[in-house]
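K.L.:
My questions will all concern the structure given below.
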Amino acid sequence: MHPAHLLVLLGVCVSLLGASDIPPLPLNLVQFSYLIRCANKYKRPGWHYANYGCYCGSGGRGTPVDDVDRCCQAHDKCYEDAEKLGCYPKWTTYYYYCGANGPYCKTRTKCQRFVCNCDVVAADCFASYPYNRRYWFYSNKKRCR
């Protein structure tokens, strides 16, 4: 092996060792993605819902394109309700488990419970309706005005 290759390998190893002591940032979006995967029995990743229809993703408005999009509309409303309670739903982390019957919340504070419930209801909603690929990165945004 060439010395340059050894240096690169050493650099990668040192980086990984250093990063292992840094805890990952617990972001609600990451948790929501795992809840989605749990609810649909790991058939579809959570990021497939990040830019779906008119409501899945940031800034939802207009007429939902299908039932999955209506799930996102309801999730947006749930987050609005959480904000009215003084919660910060996009930043609130919570404890949950992925059980045989899907995800469920096991958390302590009022905001954690409320936000986790918003996410579990949305994840279960997604799992109960067919996913239509034509609405992923939906191009007919006129309908979303």
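In case you wondered, yes, glycine gets a Cβ from its N, Cα and C as well.
Annotation source Swiss-Prot lists signal peptide at 1-19. Summarising the annotation, Swiss-Prot assigns disulfide bond to C38-C98, C54-C144, C56-C72, C71-C125, C78-C118, C87-C111, C105-C116. Positions annotated as Ca(2+) binding site by Swiss-Prot, on the basis of similarity to another entry: Y55, G57, G59, D76. Marked as active site by Swiss-Prot on the basis of similarity to another entry: H75, D119.
A description of the local structural setting of each listed feature is requested, covering burial, neighbours and distances.
P.N.:
Cβ neighbour count for C98 (disulfide bond) (all protein chains, 10 Å cutoff from its Cβ): 15.
When secondary structure is read from DSSP and collapsed to three states, C144 (disulfide bond) falls in the helix class.
Shown in sequence order, the list is empty: the chain has no residue 6+ apart in sequence with a C-beta less than 8 angstroms from the C-beta of G59 (Ca(2+) binding site).
Sequence-distant neighbours of C56 (disulfide bond): residues of the same chain at least 6 apart with a C-beta under 8 Å from its C-beta are Y49, A50, V68, D69, C72.
In three-state terms derived from DSSP, C71 (disulfide bond) belongs to a helical segment.
Counting Cβ atoms from all protein chains shown, C118 (disulfide bond) has 25 others lying within 10 Å of its own Cβ.
Here C87 (disulfide bond) comes close to K110, C111, F114, V115: these same-chain residues lie at least six apart in sequence, with C-beta atoms under 8 angstroms from its C-beta.
Of all the Cβ atoms in the protein chains shown, 25 others lie within 10 Å of the Cβ of C116 (disulfide bond).
Taken residue by residue with DSSP, D119 (active site) is part of a helix.
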K.L.:
Once near-sequence residues are set aside, which residues in the chain of Y55 (Ca(2+) binding site), 6 or more away, have Cβ atoms under 8 Å from its Cβ?
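P.N.:
Long-range Cβ contacts: R61, P64, D69, R70, C72, Q73, H75, D76.
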K.L.:
If you count other CB atoms within 10 A of each CB, which of C54, C105, C125, C144 wins among these disulfide-bonded residues?
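P.N.:
Per the Cβ count within 10 Å, the most buried is C54.
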